[in-house]
Structures are given as C-alpha cells and as structure tokens.
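Per Swiss-Prot, the features are as follows:
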BINDING   Gly729, Pro730, Thr731, Gly732, Ser733, Gly734, Lys735, Thr736  ATP 1 binding site
BINDING   Gly1415, Arg1416, Thr1417, Gly1418, Ala1419, Gly1420, Lys1421, Ser1422  ATP 2 binding site
DOMAIN    694-935  domain 'ABC transporter 1'
DOMAIN    1026-1345  domain 'ABC transmembrane type-1 2'
CARBOHYD  Asn6  N-linked glycosylation site
CARBOHYD  Asn97  N-linked glycosylation site
REGION    445-468  region 'Disordered'
TOPO_DOM  1-33  topological domain 'Lumenal'
TOPO_DOM  96-133  topological domain 'Lumenal'
TOPO_DOM  188-205  topological domain 'Lumenal'
TOPO_DOM  367-393  topological domain 'Lumenal'
TOPO_DOM  624-644  topological domain 'Lumenal'
TOPO_DOM  1075-1114  topological domain 'Lumenal'
TRANSMEM  34-54  transmembrane segment
TRANSMEM  134-154  transmembrane segment
TRANSMEM  167-187  transmembrane segment
TRANSMEM  346-366  transmembrane segment
TRANSMEM  496-516  transmembrane segment
TRANSMEM  520-540  transmembrane segment
TRANSMEM  603-623  transmembrane segment
TRANSMEM  645-665  transmembrane segment
TRANSMEM  1115-1135  transmembrane segment
TRANSMEM  1201-1221  transmembrane segment
TRANSMEM  1293-1313  transmembrane segment
TRANSMEM  1316-1336  transmembrane segment
Amino acid sequence: MHHVLNSTRPDHRFWFYDDVTQYGRTKYLNYYTPLVLLIFTVLFITYNIWKHYYYYDVLHLKQKNPIDELLYSSTDEDEQSPLINNNTITTNYVDNNCTKDALKNRHFSLEKLKSVKVNGEPHGTPEIVRRGFIEKSRIILEFFLVLSQVIIHSFILLHYVNKNPEFTQQGTITGLVEWCALFIIVSLRLANVNQNFKFINKYPGNLWSVSFINYLALFISMILPFRSIFIHHINSPISRKYYISQISINLALFLLLFFARIRNNFAIIYKTDSWITPSPEPVTSIAGFICWAWLDSFVWKAHKVSIKVKDIWGLMMQDYSFFVVKKFRYFVDHKVKRKRIFSLNLFFFFSNYLVLQCFWAFLGSVLSFIPTVLLKRILEYVEDQSSAPSNLAWFYVTVMFVGRILVAICQAQALFFGRRVCIRMKSIIISEIYTKALRRKISTNKTKPSNEDPQEINDQKSINGDEESTSSANLGAIINLMAIDAFKVSEICGYLHSFLEAFVMTVVALALLYRLLGFAAIVGVLIIVAMLPLNYKLAKYIGDLQKKNLAVTDNRIQKLNEAFQAIRIIKYFSWEENFEKDINTIRENELSLLLMRSIVWSISSFLWFVTPTIVTAASFAYYIYVQGEVLTTPVAFTALSLFTLLRDPLDRLSDMLSFVVQSKVSLDRVQDFLNENDTKKYDQLTIDPNGNRFAFENSTISWDKDNQDFKLKDLNIEFKTGKLNVVIGPTGSGKTSLLMALLGEMYLLNGKVVVPALEPRQELIVDANGTTNSIAYCSQAAWLLNDTVKNNILFNSPFNEARYKAVVEACGLKRDFEILKAGDLTEIGEKGITLSGGQKQRVSLARALYSNARHVLLDDCLSAVDSHTASWIYDNCITGPLMEDRTCILVSHNIALTLRNAELVVLLEDGRVKDQGDPIDMLQKGLFGEDELVKSSILSRANSSANLAAKSSTSLSNLPAVKEQQVSVNNNSSHFEAKKLQKSLRTEAERTEDGKLIKEETKEEGVVGLDVYKWYLKIFGGWKIVSFLASLFLIAQLLYIGQSWWVRAWASHNVIAKIIPRAQRAIAFISKKASHLIDWRGSSQISMASAENQPSSGHSTMYYLVLYLIIGFAQALLGAGKTILNFVAGINASRKIFNMILNKVLHSKIRFFDATPTGRIMNRFSKDIEAIDQELTPYIQGAFYSLIECLSTVILITFITPQFLSVAIVVSILYYFVGYFYMAGSRELKRFESISRSPIYQHFSETLVGVTTIRAFGDEGRFMQENLHKIDENNKPFFYLWVANRWLAFRIDMIGSLVIFGAGLFILFNINNLDSGMAGISLTYAISFTEGALWLVRLYSEVEMNMNSVERVKEYMEIEQEPYNEHKEIPPPQWPQDGKIEVNDLSLRYAPNLPRVIKNVSFSVDAQSKIGIVGRTGAGKSTIITALFRFLEPETGHIKIDNIDISGVDLQRLRRSITIIPQDPTLFSGTIKTNLDPYDEFSDRQIFEALKRVNLISEEQLQQGATRETSNEASSTNSENVNKFLDLSSEISEGGSNLSQGQRQLMCLARSLLRSPKIILLDEATASIDYSSDAKIQETIRKEFQGSTILTIAHRLRSVIDYDKILVMDAGEVKEYDHPYSLLLNKQSAFYSMCEHSGELDILIELAKKAFVEKLNSKKD
C-alpha cells in the first residue's frame, strides 16, 4: 500500500485505499490548483482593467458612487436644489408642457423623495471608516508572508526540482508564478492602504477578494497532504517540512483576511441619529459574518441590562426604507421595459439576492448528505473492521463533523439573504400600499357580495370630503393588508430557497437510494409522485380556506374599527352588548374557517408522516421480494437515514406549498388594491396659466362615473381672486361637493374645473408677499393629527413666532391655550379627542390660516363655534389682515354673518346654482328670505368694508391683541392673566409633560411572566388537556424510535449465506469502472450499490414488514391526532381570549380610548390576535415535539454508548447558555417589534382619514416620508431579531456537530461491544439531533415571542372597567317618569392627575323644561352632558334624575333611559333602516315619520307613496338627484361617509325621535344644518318632545332663545342660570354680551321677550 501511495509509476489515481496518492498531490494539488487560480486572477484583473478603461476612458461615462446612487435620485437632477429660492419670484409655477402624469408623479413619486427626515434634517450621514494601526499591520504581515512563499518556492525550484518526486518542474514553476502574482497584488494593496492611488482604486477591481480566494483555495489544497504526513504516508524530511510550511503560511494568510474588518475599500457606516449606534455590518469581517460574531456585543448588553429603543442599532444604509423604495421605483420606472404585475417587479428587483440565496441553499443541500453517505461506511467498519483501516474511520467521523459545520454556514447565509429581502420587501409593499391609499379615488361607493375579494367588500369610501370618514370605511381592510398580507408576502422570501433545497435534496437522496437499493428506490419515488397531486389538492384547499379566512378577518377588523371609532355613540346608547354580539358572530365564522383549515392541515400532516413509512416499506419489500436481496444493517440504516433526509425536504415542501399559497392569496389582495383607480384630480383639473383662477365652466360633476345619484350640474362660476367668496344653500344642496370638485375629488363628467395651482408642497416657491401659489383646506369635520396643538397648527411649516401668535389670536385660541395646562403643547389625542368641537375646528382653521397658501377653502368652519367666537373669527381671521389678498372660498350656513364682506355669493340648491353674484343684488331678488338680520348685515356692507380696510392697513406685526373682555367674562380677566403669567414661568419641557395625553405603549421587560403562561394554559384547557396532549407526543415519539429499533431487529436476524452471482457480476463491473481514480480496498465487493445479503431466520420478512407498517401508521395517526387536538384547543383558547378582551375593551372607561390610539388597539386585535390564532399553537406543538425529540436522542445515544453522557452534559450546558443569551435579547426585540407596529397602523389611520386635506395641501411627500420612517422603526428590531435567530442557529449547529462527533467517537471507542444495528440507531439519531435542537431553541423562542402577544393582550384584561351591573338601587320600571334633573356641587376630572374641568356646578332642571347650555368653546358644556351618562364619576357632588342619584343606577339602565344627539354625528355601515332601527323595534311607517319630522323627506313624497319600490325606479334615472331617504334599504357607508355632515346630524336626530325619550340631550345637533332647516327642526323638537326634558348645547343662540332657561358656562363653572329674557335685561350679564357679539341682539331680545310673555300667559292659564 505504501509503495502504491508513493510510487513514481504513472498511476493516475487521485486516491488509493485510505489516502491521496503522490500523483494526486503533485498533479492535482501542486499543479492544477495554482494553475487554475493563476488563470482566474489574470482573467479577473484583465477584465476589470478593460471594462473600466472602455466605459470611463473611451466612452467617458461618469463613474457612479454607490452612496450617491442611494442618496440622490438619478432621474432628478434638481433633487438637491433649494426648497425656497428667494431670488425667484413668480406667480406661475406650472410648466404647461408638463403632462398630467408627470404632475401626479411629482406628488406621489417615492423615487423623488428627498433624503431628509420629516423635520427637514438630513436622513443620515455616511461616514468613512479608515484603516487603523491593526488593519495596516495585517497588510504588512500579509506582505511578508507572501514574500516568504515566493522565497520558499524559489528555493524549491533551485534545489529540489527533479530530485524529489514531490516537486515536479511544472508544479513548482506554476506555484512560484502564482505566488509572484499574489506578491504583486499584495504590494499594490499595501501601496494603496490609504486609498491614495486612483489607478489602483479604478482599474484592477477588488484585489482583496482575489487575494482571499487564492489563500483559501491554496489552504484547502494543503489539507490532504498534511493528513498524509499525520498518518506517516509522507516520510521525506524536505517534503514534510514543505507541506507543513505551506499549510501553516496559507492558513495564516487565510486567517489574516478572514478576520479583516475592512476589505478592499474603506468601509462606510451610515448614521441617522447621534444616539443610534450605526450597523456594524460594513466593518464586520468574513469570520464575523459566518459566525454572526458582529452581534455579540448587542447580545452581551441585552444579557446585562434590559435594552431600550435607543440601544437597537441602525440599519445598513441600503436597508433603510427610503433607499429601498427609491431604488425599487427607479427600477420599475426605468429598467422595466413593459408594464409587469407587482409580484414580477418584486421578483426581478430582488433577483440578485434570490440567486445568492439559492446558491447557498444548493451548496448546503448537497453538503447535508455527507453524514448520511459516510454513515454506511462507518457501519460497514463497525460490522467488519477489516474492511478499512481505523484512521479512515476516524477520518469519516471528522468529515461528518466538518460537513455539518459547512451545512450550518450555508443554511445560515441562505436564510440571512432571504431575511434581508424580507425586510426590504416589507418596506416596499407597505410603502406601495400607503402611497396607493393616498393617491386612489375616494369617491367609489359600492357594495360587493360577501364572497368577493375582502378589499372590495370594504371598499366604502367617502363621497363628501368629510375628513372624519374619508377612509375609515376601508381602514380595517388596509390595516389587514399591512399587518397580515404585507408580512406574509415578505416573510415567504426568507424561505423561498426551501423549494430549491427540497428539490436538490430529493434528487440527491433518490440518486443515493438508487445506488443503495437499485430499482427498489424507484418504487418509493413512484409512491411519492403518486402522493403529490393529493398533497397539492390539500395545499390548494388550505389556500382557498385562507383566502376566505382573510376575507372574514377583514370584515371583523372593519367591524372592530367601526366600533372603536364610534365608541362614544355606542356607550351613549348602551350598545356594547349588541356590538359585541355582532363582532363575535363574525369571529365565529373566522374560527370555523380556521378549524376547517386545521383539520385539512392535520390530514396533510398525516400524509406527510405516513408517506416515508409507506415508501420505506414498499422499497424494502421490492428489494427483498422482487430483487431477491437480503436486508443488512448498513443498507437498512443508510436507507432509513436517506428516507429521513428525504422526508425533511418533503415536509418542508408541504409547509412551503401551504405558505406560498397563503402568500399568493395575500399578494393577490395587495395587487388588487394597487390596481384600484387613482384619483382623477391631476387629470381633470385645468391649471390656470396665470395661477390665480378658481372657476367652473359648464361643469357637471358626480361622485362616481357609474353611480350618479347626486350630481353638481351645469356649473358656471368664476370665483373672485384675492377676495371672499361664500357658498350657501340648504342642507344636502352640494356645498361640500363643490369644494371637493375644486379639490379634484369628484368625477368631472363634462366641462372644465379651473384651479390656480397643483404643485407639491415641497416644490413651492415663496413670493415677495410671503405666500405660495397653493391651496389650504379646512374640512367641515376637523381633521387633526395625534400631536400637540402647536404642531397641528404649524403642519410642518417653518415656525414664525409673530405669525403664529397672530394666527392663534385671529382664531380665538389664545384663551384656550391659557386654560389648557400645557398650552399649545397639549397633546390633543386621536382625532383631537381632548378638545371640544369648537376648539378642534379652530385648530383646523388655524392650520389653514398659518399656511402660506394664497388660496384657502373653508368648509363650514364656523358651525362648531359659539356666536361671539364666530363673529370674532369672521372679523379677524376670514376677513382679517392674515387673509388679505388671499382667495377665500367659504361654505357657511351663517349667512347673516358671512355675507356682509363677500365679493361673490353662490347659492346652491339640489346640485345646481340657483343664483350667484353680489350679495346686495341677490338680496334685492329676495333670495335670502325675510330675515331682517341678514338684510341689515348685507346693507351695512359699506361700513364693514371700511372697517376691513382699516384692519388691512394694520401690519401683521402690529396685529391688535384680543381684548380679554371680548372673549371672556370681564370678572375673569385677572384670573386668566395670572394663569398666563404662571404658565410663562414654566419650562417647555414641563409644559410638554403636562400636555401628554397618549400613554406610551407599555412593554414588559425580561422573560414573559410565568403568570402569562399559566393564564394561557388555563384557557387552553388546563393541566388535563396539556397532560393528555403531552402523553400523545411521548407515545408518538416512542413509536418513531420503535420503528428504528424494529429495523435493527429485522436486520439483525439476517445471517450471511451467499451472494447472488448476478449481483456479484454487476458489483464487479461497477467497482471496476468506479475505481479509475479512487480505489477502496474491500469496496470492490461491498459498495453503495449492494451489501452482503443474508437470508433471514426466525420470523418471516412479511412479519417484520407488516409490523413496520403498523408502527408507522400508528405513529402517523397519533401525529395527526395530536395536531388536530392541539389546534382545537388552541382555537378554543383563542376564542375565549378574544371574547374576554373584546368585552373588557368595549366596557372600559372612555378615558382608555382617549389615552390609547385606535391604531394601538387595532394592533392588539389584528396582529396579536392573528399570532394567537394561527402561530402560537403550531409553535407550541413544534417546540414540545422538538424537546421530546432531543431528549429521546440524548437518552438513546447515552443508552447505546454510556460515555456519551459526558458530552451530553457539556452540550446541555452550552445549549443553556446559548439559549439564555439569545432569549435575553430576542424577547426584548420581539416586544419592540410589536410595539413599533402600532405607530404604522396609527399613522395609516390618521393620514387616510385626512387624505383630502393632505392632497389639498399637496403634502403627500412628507406623509410618505413619515410612513417610511415608521417602517424603519419597525424594521430595526425585526431585522436584528432575525439576525439574533441566525446567531442562535449557528451556535446550535456548532454544538449539534459535537453530538455527531461524540456519537461517532464513542462508537469507535466501543466498537468491540456494539453491533452495527445499535451503532446505526445512534448515528442516525445523532445526525438528526442538530436539526431538532435548532428547532427546539428557535421554536421555543417563537413561543415566547408569540406569548408576547398573549402578554400584550392580557394587559387589556386589566383595563379599568365601567361599573356595569353594579347598582345600589333599582329605579322604577318607568323611570324617569318626569325628567327632573338636579345637579349639586358637581366637580369632575378627566383623570386623577389632571385639573378639574367642572368646578362645583349646581343647578336644577324642572320636569319637561327646555334648557339651553351656552358658553365659549371649552367651557365645559359637553362635559356636563357626558356626566349625565357617567362617563366621568363625580369627584364631589351628585346628579339626580327624578330624585334618584344616578351614581347608584346600573349604567345600562341609565344610558338607555336618556338619549343624546352628539356633536359629531355617528352612523354605521349598513342601510338607513339599520342605522335608525338597528334592532328592528319599529315599523317602516314609524321610521318614515321620523325622517319626515327632521325634513329628510317631505310630506308630499311620503303621501305619494315614495316607498322602496318607487324610489328604486326613480334611482335608475340620472337626470335629477334622487332622495335616497325614500328607500330605507339605501346603503350607508361606514361613518355615514356618503351623506353630508348635515344629513348625518338629521339621521341621528331621527334615530332619537324614534326612541321618544323622557330626557333628551342635544350637543350642537344642528350645527351643520342650514338656518331654515334648523328652524324647522327646532319646531319639530318643541312639538315632538313637549313631554320631555331637553338640554341643548347651542352656539346658535337663536336656537335656544325661547327655552325655559339658559345655563351660561365658563371655565367649568356656572356663571348664569335664568330665563333668557331675564338674563338679557341685565346688560352686564355674560349672556347679554354673547348675544351682543352675535350681531343678533335686537332679534334675540324680541324672541326672548315673546317666549317669556307666552310662558307667563301659559302659567296664568
């Protein structure tokens, strides 16, 4: 043997017996290896020099900087131009040659976003990391090591070539040339160590990579010669010294570069904030990448202290959403030649990463068979030690160990590339959804059947521009697209390589099986192929169920969102139980689909469990009965190991098919959403060349091209530029629609709509007057951000203190800021929840006024404020200095106030212009009715104009302050002055803290508490069900082990008899051909193609075969059974959890909803519930199964080789520490990832509700940037969570490799005491142990991370509840009979730490009397009303109704006994009937009567029988607008978004009329209704509620002037309480002052006197 290995004869074998031959060393390792590397090096450098010379020297192309490519758009050369150019003043900002698409693109293009944050600061700063002393020392040391190699090879060439057979001339010369080339390369790198030589930087390419590849290949080529020295097959001293020096120097060179932090060029890190540590990836060595050591410092810190948000590192520059989406949009817009669907664009965009992922997956799949291939060799050695030398057996064990490590590296890299694609794809999908939601139409209003796509089901959009309801109709579906669909689509990318892995592993396994079993393996393949269609059908069915489930989930989330958005009205009417029942009905449908999916999944699991058993049994049967072979231990266990390896990819393929189908469903939903129609705003609006016109030219406009129930018809209006234009008309006449048409939100059927400009806000140029040619818009229902008051007013405009103060004063907000504890730094909550309706409206108005827009559109902004505030706003804001030379188009019902300074009045009626022109001309035509106040107001226009001119002459800086007595009661001025002084002395930080309303989302620290597990397990079914399931798992695992043991028994009963001659001839032929290069002693008779065949003794083969099948089927049945039982228990637990937290949230105190954004609540009910529904149970099952698998493996190996116990202890300790360190960081990252999702949902919710305002301001870019920022805040913990996962997986694999090595080691130590069957069981389980251990830690971490969802949901079990079903006394059945109210010494706070908002208020209300409550906005009027519903519990005092203290009355009874018509009218998706009579308590005739009484339908229509059938016929014609209230089945969108604000208020009034309550409360119920309709409704209220007690909050003093008493509130105190006429007799009274400031004093005195006289006369009667 030694002679053959070192013979000089021309034997061309590379390997002989147990070692590489001398020919193999000299020819393949010393000659071919350096030759190939030399050719590669020369070609690489030559190609790079040619490429750079040709492109940059010949073609003169600009060399691109990768940083600049990311920072700046390559398509926008003006990207970095100044935002404001003070040297350029122009009125025409629109390039008339610019296409409509280009204009739209400038608004919504993600590619054109600037690399700045929302606040205008740079997005981040790239910083170059230069080489330090250590890195430079590395290159110097490398230089000398390469030089030493040149010297060594020169010495060998001169002294030993042809003298020693190890050193051939061609090999030595080639090696010398190779090292000379490497010496030149390292010299160039050393010379350019500071990157000073442009030639080296520009031409040769990445020389560092060339060096590294060469060193690595040369080091690997020396491993086998070094082994030859180790086993004494090379004995020549010089040869031994040569190979030892080569492996030493090559290893040193390899390690120098392997651990180098900075490679070819300087590393670049990207810093976004000073307190955020940038990602260390750019300065991480290859070693750090492979073993994930770059995360060590983070893991160590997380172990020592609980990490905070600031401790989470930043992302790599290329991973930030801004750069990702920018590159994606550039790719789609410029590199995609034809329009492709979204999914294909994603695929091609990430193709490079996916190819790399597949490369690593392919490599890992092939290497994963090394242990199995070597398993047979080891078992053959155990069975017959003469078959190979012992050093070869040790070599096999070592290779198994190394092979497992290489597989771990490959799998980790494949998963990491996939995860990187995942976070980038998630950024793209969410940003595309968000951008689409900003730019799509809002006018569609369709109802789809329930089996349609869920996005379409919820596609209910606003048709009137009301910001409160613009997008809430489909908000649930959009949240679902983000929270679930975007995640599912992006998540699949992390595992796409599994398809390739499954394919490669299947092919390799089948090839090896064929070599092992021959045609018997084909039988197994055919069975697998036969099972594929069935599994495909099951996977498809699971996908169909998932699609249906997502549709129902959309419906549930929509219903939840609707309930949480309207929680106040639900509590007012005590509808919690009804909504809970409706939501739970949907929930049951969802859970039934989940259960069905689980059953199908279990059937699929059974098939995947049983398939390997059937395949193995069939193959063995064919092998024995047809081929006539006898099963031996090596063959049996090698086959079992291969079938196990085959099962893994098939299992993975099963799961992946299911996941891919689910992801395809999600991707289709996203695609459908992205395919929805965009807004036609930029296509249909005509931009005025002079930049100053608002006009309609023969325009006919509807909300939808196909649905034209309401139209603006034949409009011809030319609005006055730089002047006040007022649009008036009755409720539902189309006033808001007209503004929406100007904003481009409606559908232009014909004609033209001319606007002055449509430029994006970031491109606006400020003119000499400080204005921009843009539009500001204030909606009818105020839209506010969940931020401070100040930030809402600024709306990201630069802060100008003088202008800001002037705006605050002009909008009457100065005193409100003095009342608020934190002033303008007060957080106003979601939708401005902490402010009154009037305050919200004025903040919204202040935003429009503060903007530098030259054109302002105001939609009924005076309706929510009291009369004197309305007068102040009109004089100082709408017609004040700040509005000078600005075009203002105002929609208003308050014609007496608003017409006097109007240049143009447009009167609308039923969608047509009834008349337009100068208000005096229209007055003379009698178009304004007989109201004397209107007449006097218009006729005094000349005087008002003079006053306006006087005000206009006052400069902004000298804008007069608001007189304290003008906006408050005189005797309170000193109080507020003192408060103002006190406030000014406090720091802004203190004010900010005082102003905080929204609580930070809570985050537990450390391990998920044991109480959380106990709580969940109790709901899961308690210890009984857990114990039962655990026993099923144990029995299933015992059966699995029993199968292997049975195979051992089967094979052990065979004895050697004879070898079939035909098999011998085949083996000899194959061996002869295979031994051309490699010769194995003994393997010419025993190869992978066959094994020694032994006839059986004892039981027959059929006996073993049948029992093997029985065990396999039993194990599969148990596996499927435990799966379905686990799913059933999990679904039942999920049902209970959902029901409990829904009940808790719906019955929580209203303060919870004020302090908790809806997006945060929706996060609990969407993503967290989805995790509990679909992820937690499978993860628990998987983790428990992996635990049993690992424990059984360790016990089994220890039983077979007791010495393994020492390894098991060490392995267990290592696993504990690795798991401990991992869990410390990962659980916190998971919590931060969960918390950081809520702001994304909240931001979606806010911005989509205000989409009309955002588009009006042209501020889409800023909101898109903010969305990207919030995505990044979520991506950071998400990304590092999965990097931590890779950190864990690598270490688990390393430790698992020790198990394989230990098992092999102790088998060889105990070789004389073991049979091959026991050794086969030990090694087979050791090979699979690593995978099981990895999944154990990974799945346990997933369990804990998903238990975080349980933990977060459990928090809502501790929400403070309203005292339902708690009562000290039970009122009589007819209570309240009289309606008498007594309020005594009442004080209220919104929260214990907040100041009192109601202060010692006392008053009484007689039965059946009517009380008007008036006062400034924010005076506490609405708070008094809510106190009657016990939204706030009294700090002092009490409220009694009919002499019963309401604090002792059951809440449900109380709230159903009184009725409120709230300030913000709330309707629900459904029909007119379901909104008025949700629980079918009234007849259609009663409902029509209620509609008639609130003037939504006329008596004439009702008498003509305009019922459902006739109205349906009428609605088929589009010639005239149809009254939809004639058909009770007419659809109402969520929030009533397809009705005007006034119509919604009337609907709410009609709903209350139906209930005929004894006490009715009206909170600005007619604020958005025209005065004429208001008068009729007030008459209806007086008539219909004669026997009821009425409390009305009103800003229109005329509405309550004839009431029995007026309650004047100010700053939470009662200032006056008497008959209105009595109050007016006192000219010093606050009420008199209010009437005086309203401009209606004389009329109000007359009406009050008339009511007073009538009351006196009625008493006499």
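Cβ from N, Cα, C; glycine included.
Here the features listed in Swiss-Prot are painted onto the structure.
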residue: Gly729; record: ATP 1 binding site; Cβ neighbours (10 Å): 22
residue: Thr731; record: ATP 1 binding site; Cβ neighbours (10 Å): 22
residue: Lys735; record: ATP 1 binding site; Cβ neighbours (10 Å): 29
residue: Thr736; record: ATP 1 binding site; Cβ neighbours (10 Å): 23
residue: Gly1415; record: ATP 2 binding site; Cβ neighbours (10 Å): 26
residue: Arg1416; record: ATP 2 binding site; Cβ neighbours (10 Å): 28
residue: Gly1418; record: ATP 2 binding site; Cβ neighbours (10 Å): 24
residue: Ala1419; record: ATP 2 binding site; Cβ neighbours (10 Å): 25
residue: Gly1420; record: ATP 2 binding site; Cβ neighbours (10 Å): 25
residue: Lys1421; record: ATP 2 binding site; Cβ neighbours (10 Å): 29
Helix, strand and coil counts within the topological domain 'Lumenal' (188-205) (DSSP): 9 helix, 0 strand, 9 coil
Binding-site residues: Pro730, Gly732, Gly734 - member with fewest neighbouring CB atoms within 10 Å: Pro730
For Ser1422 (ATP 2 binding site), the number of other Cβ atoms found within 10 Å of its own Cβ: 21
Spatial neighbours of Ser733 (ATP 1 binding site) that are distant in sequence (at least 6 apart) but have CB under 8 A: Leu908, Glu909, Asp910, Gly911
Three-state composition of the topological domain 'Lumenal' (367-393), taking helix and strand from DSSP: 22 helix, 0 strand, 5 coil
Tertiary contacts of the transmembrane segment (134-154), as residues 6+ beyond its ends and Cβ separation under 8 Å: 172, 175-176, 179-180, 182-183, 186-187, 189-190, 193, 211, 242, 245-246, 249, 252-253, 256-257, 260-262
Other parts of the chain folded back onto the transmembrane segment (603-623), taken as Cβ under 8 Å at six or more residues beyond its ends: 513, 517-521, 523-524, 527-528, 531, 534-535, 538-539, 542, 629, 631, 636, 639-640, 643-644, 646-647, 650-651, 654, 658, 1043, 1105, 1108-1109, 1111-1113, 1115-1117, 1119-1120, 1123
Cα-Cα distance linking Thr731 (ATP 1 binding site) and Arg1416 (ATP 2 binding site), given in Å to the nearest integer: 25
Secondary structure content, the topological domain 'Lumenal' (624-644) (per DSSP, counts of residues): 15 helix, 0 strand, 6 coil
Contact set, same chain, for the topological domain 'Lumenal' (96-133): CB under 8 Å, 6 or more residues outside the stretch: 67, 71-73, 75-76, 79, 193-194, 262, 266-272, 278, 282-283, 314, 317, 320, 322, 325-326, 328-330, 333, 431, 435, 438-439, 678, 681-683, 687, 689, 758-760, 762-763, 796, 1255, 1258, 1260-1262, 1264-1266, 1268-1269
Residue from Gly729, Thr731, Gly734, Lys735, Thr736 whose C-alpha is spatially nearest that of Lys1421 (ATP 2 binding site), among the binding-site residues: Thr731
Cβ contacts under 8 Å made by the topological domain 'Lumenal' (188-205) with residues that lie 6+ beyond its boundaries: 44-45, 47-49, 52-53, 56, 63, 130-131, 136, 139-140, 143, 211, 264-266
Model confidence over the topological domain 'Lumenal' (1-33), averaged pLDDT: 71
Distal contacts, the topological domain 'Lumenal' (367-393) - CB-CB under 8 A, six or more residues away: 17-18, 231, 399-400, 403-404, 406-407, 410, 505, 508-509, 512, 516, 632-635, 637-638, 641-642, 645, 1080-1083, 1086, 1088, 1300, 1304, 1307-1308, 1311, 1314-1316, 1319-1320, 1323-1324, 1327
Number of helical, extended and coil residues in the topological domain 'Lumenal' (96-133), per DSSP: 10 helix, 7 strand, 21 coil
In three-state DSSP terms, the structure that Lys1421 (ATP 2 binding site) belongs to: helix
